[in-house]
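Taken verbatim from TrEMBL:
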- 475-585: domain 'TMC' (DOMAIN)
- 169-191: transmembrane segment (TRANSMEM)
- 251-270: transmembrane segment (TRANSMEM)
- 345-370: transmembrane segment (TRANSMEM)
- 390-414: transmembrane segment (TRANSMEM)
- 426-449: transmembrane segment (TRANSMEM)
- 589-613: transmembrane segment (TRANSMEM)
- 655-677: transmembrane segment (TRANSMEM)
Amino acid sequence: MDESWAWEPEAWGLSGGWPAPREAKTAVCPPVPGPSLSSVLNELPSAATLRYRGPGVLPWGALEEEAEDEQRSFQALAEAAQKELQGPRPSRELPWPMQARRAHRKSLARDQEALSSGSRATHWALLLRRSKEKVREGLNTLKPWARTLKRIGGQFGAGTECYFSLLRFLLLLNVLASVLKACMVLLPTWLEGTPPGPPAADAPSPCGSYNPRPQGLVTFPTQLFSLLSGEGFLEWSPLFYGFYPTGPHLAITYLCSTFAVGLVYLLLILHRSVSGLKQTLLAESGALTSYSHLVFSAWDFGLSGEVHVRLRQRIIFYELQVELEEAVVRRQAAVRTLGQQARVWLVRVLLNLVVLALLGAAFYGVYWATGATVDLQEMPLVQEMPLLKLVVNYLPSIFISVFNFVLPLVFNLIAPLEGYTRSCQIVLILIRTVFLRLASLLVLLFSLWSQITCGGDGEAEKCKTCGYNYKDLPCWETRLGQEMYKLLLFDLLAGLAVMLLVQFPRKLFCGLCPGAVGRFARTQEFQVPDEVLGLIYAQTVVWVGSFFCPLLPLLNTAKFLLLFYLKKLTLFSTCSPASRTFRASTVNFFFPLVLLLGLAISAVPVLYSIFLIPPSKLCGPFRGQSSIWARIPESIGSLPQTAQNFLFFLGTQAFAVPLLLISSILMAYTVALANSYGRLISKLKRQIETEAQNKVFLAQRAVALSSANGAL
């Protein structure tokens, strides 16, 4: 006799009854009608998220006719959902995460307290809080390119999405810096009247003369050369440091704008780094089992529309692909023998020696190009040919751009040979590329510093009179600004050239030659490490040059805005999804960390110029001062005596030592608190493991008891 239960398809008919056992069909009693399939499925917990998936989403088990009715009643559903969300529903009934439920419960408690008190002040506080929440939600909806980033993440992986997210973040930084520069530099200059021109040629000065304005009729090639090099009519313009007149108020605002912009940069990058650090620690600590987390928690039940569903499916697919690839690499590393391990480390050492040799050659090339530019500019042949003169002026930028384009390709070829996981390969490529880009920029600045300070020899003939090389560089701040301007402009032109002359022709070539030749060219992938380091390099150039070229953040804003749409066009038209992806949590923290490194490196030459190098005597708001910082003590001396005493007290040991002690105590307390939380988390993890083992044991006992009862 068959005791098993067999479910019949007819039981799920239009009558809506529950399925009955096969032997129950022969019973005398008629079947008891039960709930329909649609009503049963609508009682599932996942169906509770229906109203949060947006209007027009069908419930479980809905018919096609109902779909047409749903489309026709779109507005009615929207109004009903809005009323439902506005109603004070209990937090327990909301299908939200626990943190959102707690916030919702606290919000309801505050609302009830405000309504029960009847106070006018409490009522206005409630209205103000609700207004703040609505404004915050509105700002989140106004976040630029949110849909574009979601589409990029779905088609090309989370790593490519991180690049465009970083580009949007840097664009925000440059917009804020441009606003601060305009309010603290351009506006005071305009309020003080028409700025005076350059000093007259016959004005007596021990530091020579300086008149960058072109004399006589200027031809179009000369104008074009000035536009590309920052000389001529641009040299004495609001674009560069030398244009701004001297004055106590303008000098203070000019200097304070640099520190204010740097502080804004630092705070925003730290905020982004901390948020990325949380994701990285959670992903790398093993607290979440990657596969179960992706399978059970990665889906978003608030999605509506086939496009968004497919994008989310692709994102989960790429994340699973990353986990599986890294698991394979770790499994291969775990079964290596001692000889295989020694061979792997030998290969890594040899490859790192090759990398160091390439980096050394690149740095020497940049140093040679910077020193040779001055000598080549004095040659008669270069002076007679404007095009050759332009190439000579761009010689350091050309060397830097060539090395930044060629060596990352070599690093991409070397990294897979070292036997690391994909995430470790990305980090290694980033470290090497960032060292190449930032160190080449430092080599350029060191070469310029040698020219400005006569190699650090203050007793040299060219530097003895004014403290700097006034014969070759009468306004050395403008010269530094011109170099950063040329680096920024050449980086943009080089990117456009690569896009138009390499990427698009390669895509056409692959499409027109589908055979072996087309396979040899291959479809190109979006190289996230190289592209990200290009952004960080461009932003570091802006950080270095913003003091000497105040409008450089504004130019970089326009560049990044253009770059976003160009990279988007290149991505969707010429690139294919990466064959090997990497974990996004790794780069979410590492990218801002490299940004912080670039900010720290850029602060070194700027602070050195402010405190140690004498300012130019013939240009800029600090002309005539022994140092740029000397204007700050002079301004403090004009304040009331009480303010002077307070400011000078901040620089004494009586203030520094207690501040250091308090900071040390707070740091020790924070470390102790973090350790206690870590121990508590470890205990909770062990308790969770014990509970899991208990559930497995109970499940096994239940199966054993049910088997025993069946046998009886």
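Using the three backbone atoms N, Cα and C, a Cβ is placed for every residue, glycine included.
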Q | Remote residues contacting the transmembrane segment (655-677) - C-beta distance under 8 A, at least 6 residues beyond either end | A | 649
(Q) Please list the DSSP helix, strand and coil residue counts for the domain 'TMC' (475-585). (A) 86 helix, 4 strand, 21 coil
Q: Quickly jot the same-chain residues contacting the transmembrane segment (589-613) by Cβ under 8 Å, restricted to those at least six beyond its ends, or write none.
A: 162, 166, 255, 258, 262, 265-266, 269-270, 272-273, 276-277, 279-280, 427, 430, 434, 438, 441-442, 445, 449, 452-453, 467-468, 476-477, 480, 532-533, 536-537, 539-540, 543-544, 547-548, 627-629
**Q.** Cβ contacts the transmembrane segment (426-449)/the transmembrane segment (169-191), at least three under 8 Å, sequence gap 6 or more
**A.** no
(Q) Considering only Cβ pairs within less than 8 angstroms, which of the stretches 251-270, 345-370, 390-414 has the most against the transmembrane segment (169-191)? (A) 251-270
Q) When you scan the chain for residues with a C-beta under 8 Å from the transmembrane segment (251-270), skipping those not six or more beyond its ends, what do you find? A) 169, 172-173, 176-177, 180-181, 184-185, 188, 244, 543, 546-547, 550, 553, 592, 595-596, 599, 603, 606, 610, 621-622, 628-629, 631-632, 635
**Q.** Same-chain residues near the transmembrane segment (345-370), Cβ under 8 Å, at least 6 residues beyond its ends
**A.** 395-396, 398-400, 403, 407, 410-411, 414, 417-419, 432, 435-436, 439-440, 443-444, 446-448
Q: Average the per-residue pLDDT over the domain 'TMC' (475-585) and send me the rounded value.
A: 81
